[in-house]
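Report on the structure given below.
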Amino acid sequence: MMLQAQLHCLCLFTLYLTTGYGQEGKFSGPLKPMTFSIFEGQGPSQIIFQFKASPLAVTFKLTGETDDIFQIQPDGLLYHNKALDRETRAVHKLQVSALDAHGNTVEGPVPITIEVKDINDNRPVFLQPKYEGSVRQNSRPGSSIGTLIAHDMDEENTINSVLGYRIVDQTPKVPRDGLFLVQSYSGTFQLAVQSLRKRDTPQYNLTVEVFDKDFKTLCFVQINIIDINDQIPIFEKPDYGNLTLPEDTAIGTVILTIQATDDDEPHTGSSKILYRITQGDSEGRLEIETDPETNTGYVKVKKPLDFEAVAVHNIVVQAENPEPLVLGVQYNASSSATFRLIVTDVNEAPQFSQQVYQAKVSEDVAKGTKVGNVTAKDPEGLDISYSLRGDKRGWLKIDPVTGEIFSVAPLDREAESLYRVQVVATEVGGSSLSSMAQFHLTLMDVNDNPPRLAKEYTGLFFCHPPKAPESLIFEATDDDQQSFRGRHFTFSLGSESLQKDWEVSKINGTHASLSTKHTGFEERVYHIPVRINDGGRPPLEGTVSLPGIILAVVFFQIKKNKDQHNVESAQASEVKPLRN
């Protein structure tokens, strides 16, 4: 074992001397932060540096990104036992420590940086083994076809990663070789010397080489020649004759089939045909759909035909390609066709100018007031008679000749705020066809309902003898439309003579309280009228009679005032105590 250790040290020492690392100060020195640059790919057992430490150090320790490549001998000799690879790790961060006989650190750890220098050890590669591009026939020389992209894993922006491109083969060589070029350093593919024609060959196959200073790689490029649009569509016949259709022909009906052909390459934008109506259909009542496989055109009804508007349509159809024609080629008469569409009359029902008519009036309008009108026309010009349907309350009537609508009874918003009826227009004579529209009448509120109690108050009483003044709370409402601010009633006693015994206090816009002012009441029924005013336009007032019975039932009722309605009457049914 001793002999093997001595031989191992001797071998390392011999390597140390033969590689030139034994020069004091350059390849050995004290333990301190250092950076070393080493070329990748060198063989194993390459000495890097000899570290020296204080006399207390008996061995050295290496840590960090060693990757099982870097090692250090007990005497401080740092070396690597495998070849380095920059593409795996370009920089290794190591730490070296000097230890005493007990394994304690006496110096360091200090950082040691190993920079791996690049060599050209990677072959350039294309991103894909085969590329495909296209160029239109008759394109000018210099037209761009596409760009080839290759990559080299060696260090960027160095001579090792500079790539060049060249074409090494072209198949077929028709009409000549060298039809394409690739830019040496960008990889851009271009048309080289002349325009191409698809009739010579529809496809070229090229072999392209990418290279650096030591390696090269091949890939294959397929160039397709694309047909240009130098042929116009031609109709099979220029005139499709006369078509006769009733004006009620259903939307979507195919009324005619037309056909044009194009000699450009099939199933391309140069040979696809689109049909367009250029004359005779200014309102867009027809449309033409194309079968993408056969280029057959189907003329369809898009909007209702109208005999009264246009009885005869002289249609001109143009056949075109979605791709533009090449310079010097133009559409001519062969790309157009005609047909005549004759529309026959069909008796049609009257047509309203709109389907829903709306009007708005105040609910207190006088009988006989005009509240709206409707208008309908008969396509054949016949006279029209108007009538109403759905007038369930009998509020309206319509003039059968003019379509004016009038009120014939008092309107009531509280009964129905939006009144809906149907208006029927019937042609006079002919087939007596009719059509219907809606009439919506919105009633605007007026203040025509006096205040009343919001609910029935029964079975309320005060205990006798009262020990202190008591009160009860009541709520008021009315049936008119509430404003956005809510209701604002005012409350007062119905007689000044009651003010020494009773008082009414407003709580909010709808609630008030009736209170006793002392405790000296006899045990009997007291009729207390309370006025409630709504403050409307015009203001309306209701009087509530609050009969209070000490030790008995208390109930409410509305007295009938002069020129006012009897709003509510409540009878006692149960006895329930009322508390403060």
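Residue 1 is the first one shown; counting continues down the chain.
Glycine is treated like the rest: Cβ placed from N, Cα and C.
A TrEMBL annotation is a machine prediction, not a hand-curated record.
Taken from TrEMBL, the feature signal peptide covers 1-22.
The feature domain 'Cadherin' is assigned by TrEMBL to 58-126 (among others).
Per TrEMBL, the feature domain 'Cadherin' maps to 127-235 (among others).
The feature domain 'Cadherin' is assigned by TrEMBL to 237-352 (among others). In the predicted model, residues of the domain 'Cadherin' (237-352) average a pLDDT of 94.
Residues or ranges marked as domain 'Cadherin' by TrEMBL: 353-453 (among others).
Residue counts of the domain 'Cadherin' (353-453) by helix, strand and coil are 0 helix, 49 strand, 52 coil (DSSP-based). Counting residues per DSSP class in helix, strand and coil order gives 0 helix, 37 strand, 32 coil for the domain 'Cadherin' (58-126).
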